[in-house]
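Feature list (source: TrEMBL):
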type     : residues  : note
TRANSMEM : B:6-27    : transmembrane segment
TRANSMEM : B:80-103  : transmembrane segment
TRANSMEM : B:124-143 : transmembrane segment
TRANSMEM : B:163-181 : transmembrane segment
TRANSMEM : B:193-210 : transmembrane segment
TRANSMEM : B:242-267 : transmembrane segment
TRANSMEM : B:279-301 : transmembrane segment
TRANSMEM : B:321-351 : transmembrane segment
TRANSMEM : B:372-391 : transmembrane segment
TRANSMEM : B:397-419 : transmembrane segment
TRANSMEM : B:426-445 : transmembrane segment
TRANSMEM : B:478-499 : transmembrane segment
REGION   : B:510-547 : region 'Disordered'
COMPBIAS : B:517-529 : compositional bias 'Basic and acidic residues'
Amino acid sequence: MSAGTEPPADPRPRDVAPARSDRSPWNWLLLVAVVVPLLVPLYNRVEPTLFGWPFFYWVQLAFVPLGVLATFLAHRATRRRPTAGRTARGR
Amino acid sequence: MDGVDVVELVIVCVLFLLVTVMGFVAARWRRAEDLMHLDEWGLGGRNFGTWVTWFLLGGDLYTAYTFVAVPALVFGAGAAGFFAVPYTVVVYPLVFLVVVRLWSVSHVRGFVTPADFVRSRFDSPTMALLVAITGIVATMPYIALQLVGIEAVLKAMGVEGELPLIVAFIILALYTYNSGLRAPALIAFVKDTLIYLTIIVAVIVIPSRLGGWDAIFGAAEAKFASTGTGGVVLGEASQLNYATLALGSALALFLYPHTLTGALAASDRDVLKRNMSALPLYSFALAFIALLGFMAIAAGVEPIGGDGNTVVPVLFQQMFPSWFAGIAFAAIGIGALVPAAIMSIAAANLFTRNIYKEFLKRDATARQEAQVAKVVSLVVKLGAVAAIIFIDPQFSIDLQLIGGVIILQTLPSVAIGLYTRWLHRGGLVAGWVAGMAAGLLALYVTQRVGPDGTVLREHFGGSAFALSDLGLDTAVTVYAGFVALLVNLVVTVLVTAALRGAGVDPGVDGTADTDYTAERDDPTFRELPDPLESAPPGATGERPARR
């Protein structure tokens with residue numbers, strides 16, 4: 001069956017695939033969501049507490065929706081229209 | 001310890017029986033045309049939509065060992081154990097773009113494993129073999145650790161001996177053999193339902209019985225103040241380790257072959273991207289699971305036989321009536337079966353595609369490939385059971401620690417390779433060797449030191465590498481895998497520059513730029529028959545070759 005013995009130059013079947021790009025300014029949001037939770041000195045303390053939770057714990061829990069929001073927006077903004085398909089976003 | 005709680009045991013057995021039946025029925029779920037095909041058995045026909053992918057990946061990434069070991073770590077060390085939360089928060093934005101590219105190129109070129117990709121991209125069977133071996137070696141102890149999770153539950157229920165463990169794994173082995181990736185995908189629904197139920201009830205019931213969150217954190221603070229190790233916040237010197245451990249674990253997570261197995265089974269790029277923003281919901285649950293460690297401190301839990309992994313089961317027993325403790329225990333047990341099944345399938349795929357077919361039997365048919373993969377997945381699971389029963393479980397825990405460090409060494413070829421072809425195959429191999437050596441050395445020299453300064457273990461004492469070992473005058477520690485990855489990257493780049501400068505043949509790239517952004521409706525897309533809707537491409541019997 002498939003790729004195990006891949007011939008190096010695979011002849012492109014039928015027509016050529018459309019050129020697209022994964023680049024988008026929205027992707028910078030992802031970087032924010034990766035970097036902020038790793039800045040430990042910013043949140044490594046007890047005060048202010050929330051419902052008895054030290055800052056260290058509740059703020060990291062709050063990073064969860066931050067990550068969700070960033071990935072959700074990046075996904076929405078870069079989504080290719082399913083019907084417009086192969087030409088709409090083709091650079 | 002001698003009394004077996006009958007109610008708990010009955011509930012656990014009934015729920016296990018339910019998932020066993022589901023596991024066997026799964027072969028017919030979404031009607032596979034022909035399970036005797038590696039794509040079908042090992043990737044579920046690559047047609048899972050958003051929901052199934054969410055449960056499958058969730059079941060894959062958040063394992064029974066997580067549920068048992070993370071609170072155990074928090075119980076013992078406090079804040080340092082909470083790294084699991086930032087780890088699972090940063091992983092999704094981190095891999096958001098990477099994993100869709102791998103999905104696209106895999107579908108255009110028919111890749112099943114990360115090693116398939118590396119072989120074709122860098123024209124290097126050697127690097128592919130290294131990626132495959134790294135993947136198998138890193139995955140095996142992970143499977144064994146799932147058993148540690150089940151063992152902790154059995155201990156808490158007072159069940160003696162290894163027979164129940166063996167029975168559970170034989171059942172798992174049989175239905176995986178029979179149903180492939182469909183079994184864990186279907187069982188993941190049950191697992192997650194039970195886990196969420198348990199967590200929600202635990203978060204409502206336990207704090208109110210212990211006098212609120214103030215009392216819980218207060219008890220933890222008092223404990224750490226008296227023992228002198230750990231704390232409710234991190235010590236100055238361990239902050240870098242916390243951040244690098246979270247980042248390193250996140251990078252490693254999507255290099256593990258079982259994660260890619262789950263991701264490749266998604267039906268399109270959109271499903272994957274949507275999942276990257278929906279999967280962090282599990283991290284919410286994980287945060288509360290981690291805090292079970294503090295609840296155990298406040299409840300005065302004594303781990304059975306000093307085994308920290310029993311902390312959560314014992315806490316549940318103290319806080320819940322027997323019948324609900326039984327449900328919680330079943331959740332942990334079933335939580336072990338799902339990832340163990342996916343991991344064994346992933347390891348089997350690697351062996352079949354990149355070792356058996358590449359080096360042992362080049363002309364293997366699709367049917368032979370699927371058969372070998374099924375047998376290997378059995379062998380892998382039996383190996384895991386044997387490792388737990390005949391060798392000290394500590395050995396598996398050490399190996400899993402090493403596993404996270406070594407799987408990171410495939411990052412330049414698998415992840416960076418998705419973006420650039422500049423790296424030279426010779427440079428990748430050299431970087432892998434250097435990274436492996438550096439990682440193992442860093443783990444080897446890491447000691448475990450007790451609160452009073454005595455050395456408890458001379459070697460492999462943890463993953464927090466002391467920078468003072470490099471001659472730096474500091475108490476700061478850093479994740480060993482992170483150091484190894486840096487060494488790997490530097491060597492890969494330097495050797496690549498040298499080889500490119502000397503004009504050494506870098507091989508032929510078997511992929512095209514457009515492969516990496518391919519969508520389902522592209523002409524280059526390799527449409528694999530949809531098990532739900534399409535009629536079989538040929539008539540009956542042997543499937544036509546796909547390429």
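Cβ coordinates are placed from backbone N, Cα and C, and glycine is handled just like the others.
Bear in mind that the values here come from a model prediction, so they are computed numbers and not experimental data.
Long-range contacts of the transmembrane segment (B:279-301) within the same chain: residues 54, 57-58, 61-62, 66-67, 70-76, 78, 81-82, 84-85, 88-89, 92, 195-196, 199, 202-203, 206-207, 210-211, 215-220, 223, 311-312, 314-315, 318-319, each at least 6 residues beyond the stretch ends and with a Cβ under 8 Å from a Cβ of the stretch.
Note on the transmembrane segment (B:193-210): residues 15, 62, 67, 216, 219, 285, 288-289, 292, 295, 298-299, 315-316, 319-320, 324, 327-328, 330-331, 334-335 of its chain, located 6 or more positions outside it, place their CB under 8 angstroms from a CB of the stretch. If you look at the transmembrane segment (B:397-419) against the transmembrane segment (B:242-267), you find at least three C-beta pairs under 8 angstroms, all six or more positions apart, and that counts as contact. When Cβ distances are compared across the two stretches, the transmembrane segment (B:321-351) makes contact with the transmembrane segment (B:6-27), since 3 or more pairs at least 6 residues apart fall below 8 angstroms.
For the transmembrane segment (B:80-103), the neighbouring stretch richest in Cβ pairs under 8 Å, chosen from B:6-27, B:242-267, B:478-499, is B:242-267.
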